[in-house]
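For 20-32, the entry in TrEMBL reads compositional bias 'Polar residues'. What TrEMBL records for 200-213 is compositional bias 'Gly residues'. The domain 'LysM' annotation in TrEMBL covers 109-153. Feature annotation from TrEMBL assigns region 'Disordered' to 1-32, 195-219.
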Amino acid sequence: MTSRWSVLGQMSREPEAHTPDTSSRIVHSQVSSKDASDPAYVAITLALSRLSPQGLGQCRAVCKLWREAASGPEVRRAAFMQHWRLAGLVGEPRNPSLFDTAGLGHFVRRHAVARGDTLTGLAVRHGCGVTAIMRLNNLITHHSLHSREAVFLPVSSPSEVAGSHALFEYCRIACREFLVLLSGAEAEAARKAEAQLHGADGGQEGSGGGGGDGGRRTGQEEALQGKLVALLGRSRQLDEATARFYLIDAGWCLKKALELYEQDLRWETCSPGRCRRRRGPLLPLPE
């Protein structure tokens, strides 16, 4: 059986992390939980941060010390960034195990839906399949594309991930968490928005009940709207975005939203295509 120190020597020969400041962040974060004067723990922490997520999982089975070091959030984050050669990560995952289990299918690009966009056009433009886009965004039909403000597009190769920034985002429609690829400017804007959001949450907690009634009323309205969306979606087998689209168009009147949906459904049934709208057979041209 291979000794622990021989495994540690193999880890030191792994390629360096993509971000140069990752190791220093790991050391500073672990000092608070462990004695900074323990050189063995610091060395193990730095070495583990240069492994792949799969290798990090194997190291948790070595001993208690290694399991504690390999389970640290900063170590798992650094190993994940090095494995995918990411330039940066924004936010935190809902489930920390995503650092260990994420594959290429978790990385996506966001596309804002514009007037005139079609699933076929998006597939040709971005080099992916129509079925892959529909499955990724939980789209049932082609015309439901325009009930979304934005859709996710799959990433075809790891080379597209390398050097990019990634944002953790949970999609309620697909019921799964994605890593949305961003440019440097987009990542910086996302970090500022996240910092402002955390600051606003802290300010509301410290201010007490100054605007409690207004916040409570807004929360009740959002809860009622969510129930209406869920009710319409269950009754007509619609996804959340499509049901919300019809309810907003109907002024949050459930009866009117049902009428609008049935009207669109009848129109789609009665207008199957140009081949059915021909008045009669084509006649040959006179000689």
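From the backbone N, Cα and C atoms, a Cβ is placed for every residue, glycine too.
Across all of the domain 'LysM' (109-153), the predicted model scores a mean pLDDT of 91. Remark: secondary structure over the domain 'LysM' (109-153) totals 22 helix, 8 strand, 15 coil, with classes taken from DSSP.
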